[in-house]
């Protein structure tokens, strides 16, 4: 108890241990001073201190032997000294305490899957009782109806992005089509035409909503990849041109090097780089030519030092980028040593398992609620009755959409991206952070989908920041993100209502309120508000898009 008392006096709290020490065959008891035999006492066999079976130690034995024998007797005495051993109390915190350093909650992840298994088994037993079949897959036809046409169209869409490669080689020319002249405008026109054509393609073919969900999400991913590849290589082409012009320093530009922001550049670093560039451009007369040439060469070389522009302008490099689980193009990525085929098998199996669970959840808990509400809305005409039906529908969809949201997160960011990372040996697999601890929507947008966040920070915010203030650049970023979300919802539901756009833009004033001096710093309250708005918003969006 002396250690506990001293810790209490120092004001320190002991953290819970990650795991209990596993020492087979031993009992760790703290008996205090009373459990230790006094020096010079006679240990009798019936005293409860000695077993009576210890080997006698001669009186003339060396001190080391006597000390070892005494230590063994004391250890045995500590294990057998009392019927009720003393418990070691100390100032400690629980695992869920906010001040606890414990972070291993893997068991709750296992419990989540066990809960989903219980949900599926319960649904199967209910269907077996009512219909005679364990599962009623009414959506199975939706998965198989356009599958071959979807595969051909998706392959053609991915192949059409390869036009970026010959276009970029055209931008490297010294004529009017170079990147800083008409090349950027030509690329923007090509991307707009590409996006418009492939967005309208599912509507022309009248696909099912399941095929349209997959096609639209892949469409947006390819569009962002195409934009990142074109604009980053366009920047490198101008950098290489400047490096070549420095062979004749008298006619070459002495302006500072324009460094393209990496996918992990912090927002405050972007502003700092802009200020540094302005300072360097003002003092360019004092800048040495060799130093400028070195900076340009570094900009053309990958961080790992294995690839230099334009060595990357190959079809193999472009196809590799399409398969890598990232939206921001780099000359080179860190790689693992090889493919772990068992891990790839497990992730692929988990993808189909999550799709199965999503299908069961929608069949059992979402579609019946929406069908029932649609029939009820046809028979009411007053605004109050319709509002009551909508409120009841939203409340009944809260839990199913929470499960759907978690499954969609797992299937995309943990299993699909993880599988492609395994295929391409892509080493950076931080596709999400602890978004479940978010206190506002800005924090959630940074941590929920790290690849998309990197893209918007690099190609939207960083592109706007030199010309706009920080709040306006943030607003432009949110505006483009809201338009993209509304486009996805419109392609899925084939309705352009603006609900998703309005909900996305509503996040900005909510963040301002949460970061006010009255609410800022209240972590538990803000996290609770975040989760409530998340779950309520998902079910409300579904009810509005489907029923209104």
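Cβ coordinates come from backbone N, Cα and C, glycine included.
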**OP:** From the ranges 79-100, 145-166, 211-232, grab the one TrEMBL calls transmembrane segment.
**Re:** 211-232
Original post:
Do you know which of 306-324, 325-343, 344-362 TrEMBL annotates as transmembrane segment?
Top reply: 344-362
Subject >> Range among 108-127, 248-267, 268-287 that TrEMBL annotates as transmembrane segment >> reply: 108-127
Subject >> Annotated stretches the transmembrane segment (108-127) and the transmembrane segment (525-547) touching (3 or more Cβ pairs under 8 Å) >> reply: no
Original post:
Who are the chain neighbours of the transmembrane segment (211-232) in space, where the CB to CB distance is under 8 Å and they lie at least 6 residues beyond its ends?
Top reply: 142, 145-147, 150, 153-154, 157-158, 161, 164, 167-168, 184, 187, 191, 194-195, 198-199, 201-202, 260, 318, 321-322, 327-330, 452, 455, 458-459, 484, 487-488, 491-492, 494
Subject >> Positions on the same chain near the transmembrane segment (525-547), where near means CB under 8 A and six or more residues out >> reply: 366, 370, 373-374, 377, 390, 393-395, 397-398, 400-402, 404-405, 437-441, 444, 489, 493, 495, 497, 499-500, 503, 510, 514, 519
